[in-house]
Structures are given as C-alpha cells and as structure tokens.
Amino acid sequence: MVQAQAAAKEAAAAAIPLMAPYKMGRFELSHRVVLAPLTRCRSYDHVPQPHAALYYSQRATNGGLLISEATGVSATGEGYPEIPGVWTRQQVKAWKPIVDAVHRKGALFFCQLAHVGRASTNDQQPNGQAPISSTDKQITPDDSHTVYSKPRRLRTDEIPHVVDDFRVAARNAIEAGFDGVEIHGAHGYLIDQFMKDSANGRTDQYGGSLENRCRFAVEVIDAVVAEVGADRVGIRLSPYIDFMDCFDSNPEALGSYMVRQLNKHPELLYCHMVEPRMATVEGRRKINHGLLPFRKQFNGTFIASGGYDREEGNKVVDDGYADLVAYGRLFLANPDLPRRFELNAPLNKYDGSTFYTHDPVVGYTDYPFLEEKKEDSATVIV
C-alpha cells in the first residue's frame, strides 16, 4: 500500500514538475511552489498581529516553503504604515505564535529582512527625520503618484551600524522560530539603492565601481551569515527591475557579480531572483526569461519569480531553469495554490484594491479554498 502511494506520488511529480520534492540544503520540500514575500500592511504599529497566524497557516502545506512579507530591521527601515518589524522584543514575541502556526502545518518559514532606505517619508521615520539612503537624490514619482521624502545620504561611518541592524534582525528572526532569513536586496530598497548606479552616486568605498556599489550588500550578507549560518540564509535580487526609480546601466554585470559573491559562501541556501519586466506578445503577457546566466553561475538553490503561472512554473522547473518558483498574487488569492496546481483546478481572482488595506479579514484571510468553492456550488445547485 505504502509502495503504491509512493509510486503514485512519483508519477504525479513526473507529470507536474512543480509537485516534485526537492532538497534545499538541510530542508526537505515536498513541492516547488513557494509563497513569495508580499507586503500586506496589517501589522499595526509595526507589530505582527494574531490574524497573521491564520493568513500564513492558510498558505502552509507539509513540506512547503513560505517567505514572510518584508520585515523591517530597524525603525529607520520602515516606509509604509502597518509593516512588521523584527528589531524589538515585542515584535519578536509577536512573531512566535505566527511561526508556530506555520510549523504546525509542517511548512518552512523564512523571514524577509528589509530596509526601505529612501522609499519612505518623514512621517514614517523616527522623530520625523529624513529617510536614510545611499544617496540624497529623491525618488521621482511614478504612475502611482506616491511622493517620497528627500533622503539623507548615509555617512561612511554610519553604514556599519546599518549592516549590524541586519545582523541583529537575523538573530531575532531565528529566536522567533523562523527556519531562516531572506535578505531583501531587490525592488529599489536600501541594498538595491547602493548596488544600482542610478541611485548610488557615492564617491567613497561604497560608490563608483561595481565592486564598491555592491560592498554594502556583501557586508550585510557576510554579517547575517556569520550570525545565523549560511545554511539558513537566502537573498532576493532584482538586477533588471527599475522599481522605485532604481535601475542599473548593466544589470547583467550586476547580477553576475552578486552571484559570484554569494558563491563565496558555499552553504548559502538560495538565490531568489526576479524576472525582467513582462512583455506583451499578441495580447498576452510573456515572461522575458533573463535569469539563466545567473542560474548557471549560482551553486545553490535558485528561486525564480515574476508573474509565473502554473504552465510557466512547470516548464522552468522541468527545464532546470529554476529549482523553485515563488508565487505572489496567485498565492495571495489562492491559499491552497499547490493543491490547485496539482489538480489543475480553477483559480480565485485576486482583488488588488485590498492588497494594502488594513482589514484583518477582507482580502486577507477570506479567500476561499477549493473545497469551499465546491460546497458553495453544491448549495447553489440544490
């Protein structure tokens, strides 16, 4: 009986690559579908709330991998209302029951450590001070018309203190029970602001050459690895993305350099990269698969993200383009996404208007599971 079940599982994995098990360092995963880090703005006063335990545990499966929403490493690292942190004892204590709820479902949980840098406003900063950054250049408003405050360029002697904030936050995350941490080096936030030449503009050892611009990122990685161990550390990078008015003139060189730095830590767990922006071909959105050079270079687990659906996810895993695929909006709207992918079942549509609202239920924990939809349909038929 057990052998038959195992054979059936292997057959399913062969037919659906996303459902194949995977060994990620010390961790055994039962499938390749990862919850991407998603800002949800429901951690009041930057303290994780009890409703987050339900939200994350809904999306947890035995042997699945969840990555938390961006979690601030310090008071200066916050840029939006109701974003969680992990720099105070109160925050660490509040995370513990949330992590426990995920672990009870048998899932792994990584905490994404973030500092927004200049993507903030004075009213989100301690004592109304200016946001800190690699630069004093203000973000140019985009289509969202969000206006960020003019930042203050960090002095060279201040940078080690920010590096240490990441180190302490990593230690706090492990104390809260997380299985590991993901360093947020993507999407135009502080680490990205140092790395990309459009936003750096420094003339000290943290600016100018590619090596200098990546120095802050490398120092953060080294500090976090030294604190919690490389086998508990991943990083998210987006060399091609121009979010937050932050872009690089040579993203290929940037991504390649950073991967080489990651490889200096042989046990570093994973590299999570975001695809270039999508193109529209014959009315359909198409992923520009631009991560292959980095995947070939990196020695550890490679996670791809950026608009994937079931078909594309299966393809990139089957082709060896990625080991795991992170899903954001689809996982937000479908708490049982791995099961839906396994069954090729219809998906709930997400409601973008509730992504960043503060309601603890609506648009957060009220998306139906597949069984609930079936029951609803049966009720209608009767």
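Each Cβ is built from the backbone N, Cα and C atoms, and glycine gets one as well.
Lifted from Swiss-Prot, the feature list:
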BINDING   PRO37, LEU38, THR39, ALA70, GLN112, ARG236, GLY307, GLY328, ARG329  FMN binding site
COMPBIAS  120-138  compositional bias 'Polar residues'
REGION    120-147  region 'Disordered'
BINDING   HIS184, GLY185, ALA186, HIS187, ARG277  substrate binding site
ACT_SITE  TYR189  active site, proton donor
For this session: Could you pull out which residues elsewhere in the chain have a CB under 8 Å from any CB of the region 'Disordered' (120-147), counting only those six or more residues past its ends?
Result: 75-76, 78-81, 153-154, 158, 162, 188, 190, 193-194, 199-202, 206-207, 216, 244-245
For this session: Mind computing the max CA-CA distance among HIS184, GLY185, ALA186, HIS187, ARG277, which the record assigns to substrate binding, rounded to whole Å?
Result: 19
For this session: Take the C-alpha atoms of PRO37 (FMN binding site) and HIS184 (substrate binding site) and report the distance between them in angstrom, rounded.
Result: 9
For this session: Could you round the CA separation between ARG277 (substrate binding site) and GLN112 (FMN binding site) to a whole angstrom and send it over?
Result: 22
Problem set entry | Where GLN112 (FMN binding site) falls in three-state DSSP terms | strand
Exercise. So which binding-site residues out of THR39, GLN112, GLY307, ARG329 end up within 10 angstroms of HIS184 (substrate binding site), measuring C-alpha to C-alpha?
Worked result: GLN112
Exercise. What is the interatomic distance between the Cα atoms of GLN112 (FMN binding site) and ALA186 (substrate binding site), given in whole Å?
Worked result: 11
For this session: Could you say which of the binding-site residues PRO37, GLY185 has its Cβ with the most other Cβ atoms inside 10 Å?
Result: GLY185
For this session: Measuring Cα to Cα, tell me the gap between GLY307 (FMN binding site) and ALA186 (substrate binding site) in whole angstrom.
Result: 16
Exercise. In which DSSP state, out of helix, strand and coil, do we find GLY185 (substrate binding site)?
Worked result: strand
Exercise. Within 10 Å of the Cβ of HIS184 (substrate binding site), how many other Cβ atoms are there?
Worked result: 29
Seminar exercise, completed: Using DSSP three-state counts, the residues of the region 'Disordered' (120-147) come to 6 helix, 2 strand, 20 coil
Problem set entry | Most Cβ neighbours inside 10 Å, all chains, among the binding-site residues THR39, GLN112 | GLN112
